[in-house]
């Protein structure tokens with residue numbers, strides 16, 4: 001599937017001036033969210049980012065400017081959740097993207113009608129873009145798996161299945177919310193290594209995980225595996241995702257069935273879904289090191305090694321309560337890229353369904369913490385602080401091993417490549433309140 | 001919370017004669033399902049079992065016979081999924097139960113109107129009773145945990161956290177279906193102990209797990225833990241649940257994040273939800289052996305040790321293709337009871353939310369495989385065949401270590417106690433098709 005087309009042309013400009021400056025949302029991006037005017041009781045509906053504005057898809061739908069698949073798609077996206085639109089598949093997604101690209105281009109005949117559909121992003125609030133039926137978290141960074149494995153199992157950091165199986169586990173959907181989420185530090189059971197028995201109280205090792213969220217579009221029937229060659233067609237788009245983690249709860253509870261309360265108290269997605277079509281230019285030539293086992297054939301897209309392999313850069317910043325009081329900017333903690341991932345999005349999708357498991361539109365996969373090969377590229381504080389043993393110094397001189405109450409964590413994502421316009425994901429932010 | 005009232009009276013009889021004979025569904029039970037006439041394209045709607053009949057709640061709603069909370073409840077249950085009704089809480093559930101009990105009693109003034117609402121269970125088909133947003137599987141049988149632990153980790157069968165933490169993990173909702181489910185034997189990666197590398201193909205060690213399914217009724221807000229004293233008020237009812245498992249996939253994939261593809265290809269619930277109110281007489285006096293650690297205080301309902309501790313008997317039968325051809329009855333494999341569970345339903349609910357995790361109405365918990373203390377009471381073939389080492393002989397002389405294609409697994413549940421009418425759960429059935 002080669003989706004690169006006129007909508008990616010670096011020379012395209014928009015009559016929305018802010019889209020032509022430094023922005024996450026040039027006309028080459030066109031990500032989707034669900035929104036309404038801030039503080040209003042309007043119905044939530046689909047919107048598309050362009051510069052510092054959002055295109056209100058309810059207005060575009062009502063104006064009936066588009067035709068065919070594009071009009072069907074915009075009508076479906078005029079809803080409080082994008083599941084129906086996401087379930088329509090690539091032909092509808094592409095048709096709407098092209099229609100929006102054409103309507104927002106400099107010189108478009110639709111400029112007047114579209115001006116009526118613009119709302120400043122500063123004036124809106126978001127909801128989750130879709131109902132996330134099931135959410136699965138993968139573990140695709142071998143650097144993260146090795147570093148964390150070393151802390152939990154010093155003698156056995158990387159387990160023998162890692163290089164064969166895209167390891168994943170089911171997560172909790174109900175506690176996923178959109179950027180801006182605040183939550184109380186979780187309580188739970190922990191057991192200090194030197195303690196006889198566990199104790200109960202607030203988590204002492206609260207952490208973030210820097211991840212991508214991957215939204216399924218078209219689902220599959222129970223029993224029907226999705227072939228690796230077809231996997232990309234099922235993926236609607238990606239967001240930035242913070243998989244908050246309570247490390248001390250995790251260490252005590254995770255054997256033998258995996259993390260549970262350490263993960264399900266809160267998870268936060270960025271509001272905008274950047275479509276796989278917008279990401280098409282940023283694929284990387286995925287390959288497996290010759291010293292590593294080659295993937296089993298069901299996971300090996302020999303015809304298209306780039307399938308679902310994206311170079312998406314991501315960083316994470318921490319803004320403490322003190323920084324907010326003093327007006328100090330947030331402190332950058334690390335930066336990495338999904339290009340380091342051991343498994344591609346296509347491999348995750350195919351592996352997940354190879355046993356017949358079914359996806360529904362709007363289901364989400366987490367990529368797992370995206371740590372790069374260097375220590376400075378680690379996607380969690382557990383890794384940056386080497387299990388809490390080394391303190392991390394922030395911009396303003398404060399230090400951390402794990403997160404404090406009042407800390408706001410900010411994650412961002414973007415793609416850059418010669419010959420293409422930089423496109424961004426916006427950010428996902430979340431703030432920790434004291435334990436109840 | 002003492003829910004025992006006139007609806008449990010052993011002397012109650014119904015004008016529906018089949019409810020007064022040997023049945024899972026006497027007037028003291030009144031479980032809920034979602035159904036329509038078999039093979040029809042009618043809308044699915046709520047129904048209540050009475051003897052061999054179902055009360056069509058759409059007809060009862062339209063007849064407007066009830067008043068107050070009972071009418072509100074029956075109106076909400078007249079829907080393709082029971083989530084709204086389940087979210088109303090105990091006052092509505094009790095009011096509807098009482099109204100139905102009175103209307104179905106011998107001598108009821110409503111007999112004529114209710115006769116019009118009866119459909120023979122032989123003539124209906126079921127759907128899932130509600131949208132299951134999130135599903136969590138627990139691991140509450142210490143006998144199962146020890147037996148399985150011994151197979152996966154001979155040196156370390158029961159992990160140190162087991163007696164402190166009600167171990168659970170998130171499962172997959174999308175592949176849960178109602179009794180009658182058929183599914184293809186899953187494909188996947190496995191690695192034989194003596195093999196150098198893994199291979200791909202059909203599961204060779206396909207198993208069932210004998211469980212209870214626990215449906216949440218009233219949810220909780222993200223951040224608000226449910227106290228152990230309040231936990232029962234959040235539980236709408238229980239069903240019998242088959243958590244199909246692919247043991248060879250599980251052995252290779254489950255470390256370090258838990259079972260994944262070994263579990264998410266299919267899970268099957270019985271159609272009827274037996275309410276916690278119907279189960280109220282069958283609570284047991286839960287206690288922890290004095291040699292074991294006492295639960296941490298958040299898990300210890302000292303005021304009501306019976307909270308969520310039910311004596312529910314369950315058995316499992318296997319019907320092979322050969323038995324169907326020959327007309328041989330299904331072969332009973334084992335029988336156990338939830339009274340052996342190390343953790344109660346109330347403890348599961350409270351533990352799950354102690355970190356602030358939120359439940360939504362219709363969310364489901366699996367109890368985990370309910371194996372009793374004796375080998376013959378094991379709730380899985382993995383245990384009965386001692387990890388596939390001993391073959392299990394069926395009624396008709398066939399043998400098994402794990403499930404064959406064409407095997408139908410049947411699980412049943414029921415409660416019995418002196419002074420109370422026996423109530424049943426009906427059955428959950430599922431059949432294995434060959435791998436694709």
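Note: Cβ is positioned from N, Cα and C throughout, glycine not excepted.
According to TrEMBL, the features are:
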| type | residues | note |
| --- | --- | --- |
| ACT_SITE | A:144 | active site, proton acceptor |
| BINDING | A:137, A:209, A:211, A:243 | Ca(2+) binding site |
| BINDING | A:139, A:153, A:250, A:254, A:369 | substrate binding site |
| BINDING | A:243, A:263, A:267 | Mg(2+) binding site |
| DOMAIN | A:28-129 | domain 'Fumarylacetoacetase N-terminal' |
| DOMAIN | A:164-430 | domain 'Fumarylacetoacetase-like C-terminal' |
| REGION | A:367-390 | region 'Disordered' |
Residues from A:144, A:209, A:211, A:243, A:250, A:267 facing chain B - recorded positions, CB under 8 A: none
Among A:250, A:267, A:369, the one of these binding-site residues whose Cβ has the fewest neighbouring Cβ atoms within 10 Å: A:250
Cα within 10 Å of the residue listed as 'active site, proton acceptor' - qualifying binding-site residues among A:137, A:211, A:243, A:250, A:254, A:263: none
Integer Å distance between the CA atoms belonging to residue A:267 (Mg(2+) binding site) and residue A:209 (Ca(2+) binding site): 10
For the Mg(2+) site built from A:243, A:263, A:267, further residues of that chain with CB within 8 A of the site's CB center: A:137, A:171, A:172, A:176, A:209, A:242, A:244, A:245, A:264, A:266, A:366
Residue A:263 (Mg(2+) binding site) as reference: those binding-site residues from A:211, A:243, A:250, A:369 with C-alpha within 10 Å of it: A:243, A:250
Residue A:243 (Ca(2+) binding site) and residue A:267 (Mg(2+) binding site), Cα-Cα, nearest whole angstrom: 5
Those residues of the chain, 6+ apart, with a Cβ under 8 Å from that of residue A:254 (substrate binding site): A:152, A:260, A:262
Lowest local Cβ density among A:144, A:153, A:263, which the record lists as recorded positions, within 10 Å: A:153
Residue A:139 (substrate binding site) and residue A:211 (Ca(2+) binding site), distance between Cα atoms, whole Å: 10
Listed binding-site residues (A:137, A:211, A:243), ranked by Cβ neighbours within 10 Å, top entry: A:211
DSSP-assigned states of the domain 'Fumarylacetoacetase N-terminal' (A:28-129) in counts, ordered helix, strand, coil: 44 helix, 24 strand, 34 coil
Distance, residue A:243 (Ca(2+) binding site) to residue A:139 (substrate binding site) (CA atoms, angstrom): 12
Residue A:369 (substrate binding site) versus residue A:243 (Ca(2+) binding site) - Cα distance in angstrom: 8
Most Cβ neighbours inside 10 Å, all chains, among the binding-site residues A:139, A:209: A:209
A:137, A:209, A:211, A:243 excluded, remaining Cβ within 8 Å of their centroid (Ca(2+)): A:210, A:241, A:242, A:245, A:263, A:267, A:366, A:367, A:368, A:369
Collapsed DSSP category at residue A:254 (substrate binding site): coil
